[in-house]
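The next block holds one structure in the form of structure tokens; read it before the comments.
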Amino acid sequence: MAGYEYVSPEQLAGFDKYKYSAVDNNPLSLYVMHPFWNTIVKAFPTWLAPNLITFSGFLLVVFNFLLMAYFDPDFYASAPGHRHVPDWVWIVVGILNFTAYTLDGVDGKQARRTNSSTPLGELFDHGLDSWSCVYFVVTVYSIFGRGSTGVSVFVLYLLLWVVLFSFILSHWEKYNTGILFLPWGYDLSQVTISFVYIVTAVVGVEAWYEPFLFNFLYRDLFTAMIIGCAVCVTLPMSFLNFYRSYKNNTLKHSSVYEVMVPVFSPCLLFILSTAWILWSPSDILEIHPRVFYFMVGTAFANITCQLIVCQMSSTRCPALNWLLVPLFLVVMAVNLGVATYLESILLYTLTAAFTLAHIHYGVCVVKQLSSHFQIYPFSLRKPNSD
């Protein structure tokens, strides 16, 4: 299994013909962040591989997730009457979040600067971004947390799905139009949240208890920003881009089925995970919210990575991700009424299986494409230069 080949010969041939095409018309990105990144990238040595920059940024996001899991395991740390997260933790998380965002912005520039741009680099970048969604959202949750001053774990679960669907929408666009339209919400959210982390360290979590405007609490603003950005910006712009491609006769797929097939697995994942929550005899989301979020986010990342492989290789996206099969069986077992302790064991087992399966998928795909393009993923040296 260590050398399993997930990428088919047809997909490898598609990667050979692939040309990167993206549109970024976000004012914050164009006029603020790109000039900043252009300055930052000059500080990096030319021997530093872009994929190493990408992976370093991802590790910072994971570190933030683990750090907050230690100080706020059950999302009650920000609630009144509970021991709060130390101020220095918020500062560290804020700095590391912005650093990770910066590294995500300069990796492509480093690739062009060193003439080392490859399809593997784009796949590696966007694949890790798909997994970062859950780390980012769950870490942000600790600012408000649960309790009377926060949002419920089920509301956060729904907000997580708003973010996940917003992310995959961009890659659904590219699967159908051949162009990646970079979402406006990403840059704004990263800059804003990095700032909010630092502010939290200065004013304390108690500041978020007070109404923002009239009886409108900061937690409500947090919820409204996520939903509003998705409904008022991401969704309309995605449909507009799709419509323009349709009018210009440049869509890559003609049938409704082929157009919509990338969303089948994400929607089924949402249905199954939501059914588990609603049918759970032990109220599994209340007991293990962090693990449940991570399970969903990891399965989503695997689904998205397979979509990205298909869109880049111009091949058909699979209608069903195999990770949904064990999830379906677990949900059926829950519906039949499993013991409370057994349900928790099933969740942890499924989460571990999903994590190992996704890591295995990622490692094998990187190895396969590295061999195909005859490159080292974390070095600018060529294999034949040894």
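For all residues, glycine too, the Cβ spot is worked out from N, Cα and C.
Unlike curated records, TrEMBL annotations are generated automatically.
Database features (TrEMBL):
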type: TRANSMEM; residues: 47-68; note: transmembrane segment
type: TRANSMEM; residues: 88-106; note: transmembrane segment
type: TRANSMEM; residues: 127-144; note: transmembrane segment
type: TRANSMEM; residues: 150-170; note: transmembrane segment
type: TRANSMEM; residues: 221-243; note: transmembrane segment
type: TRANSMEM; residues: 255-279; note: transmembrane segment
type: TRANSMEM; residues: 291-310; note: transmembrane segment
type: TRANSMEM; residues: 322-339; note: transmembrane segment
type: TRANSMEM; residues: 345-366; note: transmembrane segment
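Sequence-distant contacts of the transmembrane segment (221-243) (same chain, at least 6 residues past either end, Cβ-Cβ under 8 Å): 140, 143-144, 151, 155, 159, 162-163, 165-166, 169-170, 172-173, 176-177, 179, 181, 183-185, 188-189, 192, 212, 251.
Between the transmembrane segment (322-339) and the stretches 88-106, 150-170, 255-279, 291-310, it is 255-279 that has the most C-beta pairs under 8 angstroms. Outside the transmembrane segment (291-310) by six or more residues, the chain places 6-7, 11, 123, 126-127, 130-131, 133-135, 137-138, 156-157, 160, 164, 167-168, 171-172, 175, 262, 265-266, 269, 273, 277, 284-285, 316-318, 321, 323-324, 327, 347-348, 350-351, 354-355, 357-358, 361-362, 365 with a CB less than 8 A from a CB of the stretch. If you look at the transmembrane segment (345-366), the same-chain residues 6 or more away from its ends with a CB under 8 A from one of its CBs are 1-7, 120, 123-124, 127, 131, 284, 288, 291-292, 294-295, 298-299, 301-302, 305, 309, 323, 326-327, 330, 333-334, 338, 377. Residues 75, 78-79, 129-130, 133-134, 136-138, 141, 144, 180-183, 185, 219, 222-223, 226-227, 229-230, 234-235, 238, 262-263, 266, 270, 277, 285-286, 289, 292-293, 296-297, 300, 303-304, 307 of the same chain lie 6 or more positions beyond the ends of the transmembrane segment (150-170) yet place their CB under 8 Å from a CB of it.
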